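First up is the structure itself, then whatever we jot down about it.
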């Protein structure tokens with residue numbers, strides 16, 4: 001994952017210090033892009049060990065349309081704990097916007113189901129887009145969406161995905177986001193009868209928190225290892241039928257985990 005280390009190095013060398021919502025402070029650049037060929041391996045960071053279980057369960061949780069952390073807690077995933085209320089609710093976050101976007105006439109739009117239908121009927125469409133950024137409901141969300149919008153693209157029988165991430169916590173968040181959307185692309189490709197193409201990550205405010213600099217510098221001393229591969233259960237033909245057991249990460253080698261505090 002040289003691309004990821006290049007981003008981290010770029011921010012260390014060119015980042016501007018900015019204050020932020022959490023009061024921690026960041027070193028930030030605006031606008032950056034990384035490209036990953038999904039045929040060359042599954043883009044899971046190898047310069048520190050990543051928790052794939054959390055990535056998979058979070059994605060399945062999004063696809064369920066859920067906005068309560070009960071499913072995550074049931075499966076030992078704590079990444080949303082800091083933002084949930086006493087009942088485990090997060091407000092109308094990702095899952096709600098993906099699966100139940102409220103329309104002015106009272107309908108709810110299932111963006112994911114619509115996307116899958118459009119992919120099969122008109123794969124050349126330039127409208128293969130899902131947005132989590134709903135300005136009318138931002139204030140009701142425990143945390144506004146950082147990965148705000150993604151678009152699929154089909155060419156030569158291959159499915160590619162581009163994500164726009166408005167706010168990118170490079171050390172803690174971005175490795176999760178890359179792996180999550182790469183996995184989503186593999187899942188959608190299988191169900192749509194396509195081959196995986198590229199995952200393209202586009203970041204807006206790309207930042208390292210001031211209390212992550214030591215960890216980032218340690219990671220930059222490490223040499224990337226060969227990428228693993230991700231196997232999906234070929235029997236799954238519907239996107240919403242995937243379960244945790246349908247994924248197998250093969251050949252993942254990684255340097256030791258690096259701990260860092262979460263800015264809330």
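From the backbone N, Cα and C atoms, a Cβ is placed for every residue, glycine too.
The (6R)-5,10-methylene-5,6,7,8-tetrahydrofolate site recorded in Swiss-Prot includes 51, 263, and the single candidate from 156, 169 that the record places there is 169.
In this structure, residue 207 (dUMP binding site) is part of a beta strand by DSSP. In sequence order, 146, 204, 205, 207 constitute the residues six or more apart from residue 167 (dUMP binding site) in its chain with CB-CB distances below 8 Å.
Between residue 21 (dUMP binding site) and residue 263 ((6R)-5,10-methylene-5,6,7,8-tetrahydrofolate binding site), the C-alpha separation comes to 9 Å. DSSP classifies residue 169 (dUMP binding site) as strand under the three-state reduction.
Nearest to residue 51 ((6R)-5,10-methylene-5,6,7,8-tetrahydrofolate binding site) in space, judged by Cα atoms and limited to the binding-site residues 127, 169, 209, is 169.
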